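These notes are about the structure you will find just below.
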């Protein structure tokens, strides 16, 4: 039934109640109570139907909200998030019981189950943040408010799926059992995302007024209804809610807001789990590789071939030249509306990719809006030039306060609200580093991405360690930054999944960093992430995950794989069609190192493949060398996600960018200039609200 018809029915019911009360005033109180109760139930049922109309799992939505005895749509929407939390907690508790005997008998199943418990806590945290922000229901820009809700709900979906994926290759029967007990929680979270994505329509349908907000001068003002995109710009940089909040029972709530549903023609996600194989080789058996490193493999930059392009082949590292340079005069920022979409018409930084280290990075430019002016100053300076005042210095030779990064992280105040700078001096640090969820506003500053290197060698083989646990460095604390650091995993191609860096933090920024490995080098796991002037190398799926990640002016280097393997740059893991996530490669370069070029005809390389049903990858204004196969994209299997994925290439250059022989799947899109702007950093990461005062050219489009 159309929602407006339902509203009419609701109004009619309310009118009937009023008439009964007016004309039957002398009736017994019991009769009046029954009429009230029945009318309230009918109104609640109608309201639930309207709320659930946009969801993919309507039966789960209506049956769960039927337990909430409130006709107020705001209470019902908040209860939808609460009920998802309860369902997830119930599911993981059930899973811990059902899998106990298997976990007791097998160490790897036990570790996967423990990882699941941790991930479910993270999924619940994101739902709590959503619920708490909805409870406050204060905003100056509806679209920014909904953006936060959708990012966190997308994160919750990803955490739940990561739990299930963790059993693949370890205990497939346990994976099936866990998927079964977690299914309802996944469905309710997906429904929550659908509700959030259509929140503006719900507010209008229920005629819920936008909230009163206090202006800067202290006067109260009310935001008018209508399109949220035309409202005054506000901040979406709210501090994280109290993580210790445990009020998860359905209760009363205020209202909230919305973001449009993804415009691509995508179908409803299936429940089947398609998990990433150990490698992409046609022959799946284990093979040795002469390229498996026997020590830290990244003491310097990998040589780049100079036969396939005309780009400079110098090092992209900046340790020998300071970023600050007074030679570059300030340049005025131009309006993003009047600026040409292709920044290369006026500026071609890609052809000078290796000279970016000479450009002056101002304290207020080039960074997303969550980067404070203080943090921008820190990113623009070099520690040895006394530009950064570190809270802690880490040095292997004992010249700092700490000898290990773990010791320095132990000094970060819990739920820190100010930037905590850790200067990591030159050296190779072989330690497993974790920035926990309670370590907020942490910043790593090194002496150069080839001089300060954090390394590890944990991999799936031979010990069957889950991909999530293989990371040399794991970043979970929000507002994390890293500058001039190298991250690597030296396990080698023969040991399959081996993550150098996993990022689950919201508002994470990486500048002039290297991420080096083979399979699964960089795990962009969840939330909003921005990479600038970075270098990522690997073989299979070496940028993967389900974050909302933008790579700007970065370099992606394909390395030599095992004998029968193919190389894939990206494997994006968007599972729900309404998730706002995706991988955007903007104004960058995709190339191969010297070891790969001799085998590129036999070991073909592709831009990406779909890890999950609604995988979304956008490559724009990027130099693509002839290391990429003319077909461009690789199937996961014969038919999986070919109709539901969203892959597009826009205004790229280079000998590997030709579209004539690209695959012709339904999910491969050709987009207009206007559509491309939605994926440019300014819009995709809300970068159009960045502070415009910059001394270097900046183009949000």
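Cβ coordinates come from backbone N, Cα and C, glycine included.
A quick note: this is a predicted structure, and the numbers were derived from the prediction, not measured.
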Substrate site partner of 497, 609, 611 (as recorded in Swiss-Prot), chosen from 467, 526, 580, 644: 467
Whole-number Å value of the largest CA-CA distance among 467, 497, 609, 611, listed as substrate-binding: 18
Between residue 609 (substrate binding site) and residue 520 (active site, proton donor), the C-alpha gap once rounded to whole angstrom: 13
Fewest-neighbour residue among binding-site residues, criterion Cβ within 10 Å, set 467, 497: 467
Those residues of the chain, 6+ apart, with a Cβ under 8 Å from that of residue 520 (active site, proton donor): 467, 470, 497, 498, 499, 538, 540, 541, 542, 544
DSSP-derived structure type at residue 467 (substrate binding site), helix or strand or else coil: helix
